[in-house]
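**Q** The domain 'ABC transporter' annotation in TrEMBL covers 5-246. The feature transmembrane segment is assigned by TrEMBL to 361-381, 393-416, 437-463, 469-491, 503-522, 569-587.
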Amino acid sequence: MFTDVTYKVIIKGMTSTEEKDILYGISGSVDPGEVLALMGPSGSGKTTLLNLIGGRLNQTTVGGSLTYNDQPYSKFLKSRIGFVTQDDVLFPHLTVKETLTYAALLRLPKTLTKEQKQKRAIDVIYELGLERCQDTMIGGSFVRGVSGGERKRVCIGNEIIINPSLLFLDEPTSGLDSTTALRIVQLLQDIAEGGKTVVTTIHQPSSRLFHKFDKLILLGKGSLLYFGKASEAMLYFSSIGCNPLIAMNPAEFLLDLANGNINDVSVPSELEDKVQIGNSEAETRNGKPSPAVVHEYLVEAYETRVADKEKKKLMVPIPLDEEVKSKVSSRKRQWGASWWEQYTILFCRGIKERRHDYFSWLRITQVLSTAIILGLLWWKSDSSSPKGLQDQAGLLFFIAVFWGFFPVFTAIFTFPQERAMLSKERAADMYRLSAYFLARTTSDLPLDLILPVLFLLVVYFMAGLRLSAAPFFLTMLTVFLCIVAAQGLGLAIGATLMDLKRATTLASVTVMTFMLAGGYFVKKVPVFVSWIRYMSFNYHTYKLLLKVQYEHMTPAINGIGIDSGLTEVSALVAMVFGYRLLAYISLRRMKLGA
């Protein structure tokens with residue numbers, strides 16, 4: 001139930017700050033077993049109202065009263081409310097069954113066993129009619145998968161899996177054909193008949209869809225034009241003198257009124273009087289009242305004829321189930337899984353989702369072709385002569401640069417690409433941010449090992465580097481340390497900027513600077529920029545690779561001293577953890593979800 005709800009946004013300009021009203025005193029209610037539709041033209045505030053009553057907006061700029069079963073709304077209810085966003089935010093490489101199973105494992109209460117949670121996922125699949133495509137990948141822009149209607153049902157399944165008492169949906173029929181849209185709305189009606197409360201925004205429903213809604217809120221420019229039974233909406237507007245002159249879809253007629261468009265609509269006598277009196281052009285258009293005048297009339301008509309009566313109805317207390325009351329009044333955040341369970345579930349989900357990227361033929365071909373070209377160029381190189389030593393040092397530097405460059409530009413995409421998913425899941429309190437972050441950054445590590453191993457197996461033996469076990473495995477360990485450090489830089493840049501264009505630009509400049517300061521191109525760096533060298537993972541990796549190959553031969557190569565290597569290892573380890581800490585802090589400070 002919501003009474004006199006208002007919402008403002010603060011617009012910060014260069015010199016001043018102003019407030020803009022989005023919603024003006026909206027009142028309404030919806031009971032268990034009902035479907036409430038929020039209708040209105042684009043920009044009328046229906047999505048804002050849905051987000052507000054669904055707890056997805058900052059409550060500091062909200063006025064009025066908002067209660068859930070006669071209890072004040074609190075953020076602790078987020079995990080007990082289902083919210084389906086307009087965009088279908090799903091992982092493309094997971095199947096329907098995997099998607100719903102992971103949602104069940106993360107969101108259902110700890111009191112259920114793993115088997116019970118998995119059974120709930122299967123039950124939802126059959127409830128939504130998804131059994132035929134349960135083993136099909138979701139798909140996306142570049143991956144073939146399920147149909148649009150099936151994707152929308154999977155999104156709904158993600159939310160109803162927790163058996164919420166309240167389900168919010170933002171334009172669930174957007175982009176769907178009329179038959180599929182009807183099936184989705186019929187599904188919502190079935191959910192409501194199970195004792196749930198359903199609230200949905202809808203843009204332009206067909207006549208068949210419109211008659212499936214129990215209650216309707218019609219908005220225009222943030223003001224309430226109608227609240228009541230959907231079946232009585234036409235009677236109300238007829239009572240204030242607004243009737244369609246031709247047979248029309250009720251939803252189309254209501255949206256025309258909300259837009260101030262009164263073509264093919266009988267004009268109320270009050271509005272006709274305004275035209276006859278001869279108001280300014282601002283108030284009339286082609287001899288008819290302007291949209292602004294129509295809007296003003298509709299708002300005034302609702303406030304004088306209906307608003308007070310509806311508000312009195314809202315004052316009647318609703319009898320509460322004691323179990324529901326105790327859950328609503330609870331101030332303790334309840335996670336569906338322990339921290340360790342969240343981590344392991346997200347870790348497994350991450351590997352399943354990204355294995356397709358890591359084992360794509362494009363990526364494998366890129367790495368192996370580079371390795372073969374390097375092996376041919378440095379075929380059986382000889383380190384016994386100064387020239388051969390110089391050539392091998394060049395190869396080692398390229399390895400340090402390649403495995404510093406490659407992971408940075410892979411990791412940059414991590415958080416910007418998953419921002420929508422992270423926002424959605426965090427807004428539903430599915431998991432702790434720390435569990436997600438650690439799972440996301442560690443689930444890549446097993447996959448990150450495979451390509452470098454293949455690369456080094458080709459290059460190392462073709463180029464004739466030190467042929468013994470210890471140098472080979474130390475080289476591999478050094479390259480892996482470089483990869484993890486470089487990956488940390490990419491994660492930090494991506495998480496801090498959350499914009500791929502800016503992140504890629506910054507990463508390009510940073511990686512180029514690190515490469516130039518890596519100790520191969522410039523032997524003597526000016527003192528005032530020498531600190532850059534020690535921030536470069538290329539430099540530390542290059543020094544370690546030189547140590548592994550030549551510590552038994554010479555104390556220095558190309559002016560770079562070969563020492564114990566502890567400094568370089570310590571620097572790379574510090575980068576591994578330091579960059580990731582920066583990435584985590586950046587994510588923590590971002591407003592990922594209400």
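Just so it is clear, glycine is given a Cβ too, placed from its N, Cα and C backbone atoms.
Curation does not apply to TrEMBL; its annotations are automatic.
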**Q** For the domain 'ABC transporter' (5-246), what's the model's average pLDDT?
**A** 92
**Q** Six or more residues beyond either end and a Cβ under 8 Å away: which residues meet both conditions relative to the transmembrane segment (437-463)?
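**A** Apart from its flanks, the transmembrane segment (437-463) reaches 342-351, 354-355, 358, 363-364, 367-368, 370-372, 374-376, 378-381, 392, 395, 399, 403, 407, 411, 414, 418, 472, 475-476, 479-480, 483-484, 487, 491, 580, 583-584, 587.
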**Q** State the residues, same chain only, that lie 6 or more residues beyond the ends of the transmembrane segment (469-491) and have a CB under 8 A from a CB inside it; answer 'none' if no residue qualifies.
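**A** Same-chain contacts beyond the flanks: 399-400, 403-412, 414-415, 441, 444-445, 448-449, 452-453, 456, 460, 507, 510, 537-538, 540-541, 544-545, 548-549, 569, 572-573, 575-580, 583.
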**Q** Residues sitting near the transmembrane segment (361-381): Cβ under 8 Å, six or more positions beyond its termini, same chain?
**A** 388, 391-392, 395, 398, 402, 451, 454-456, 458-459, 461-464
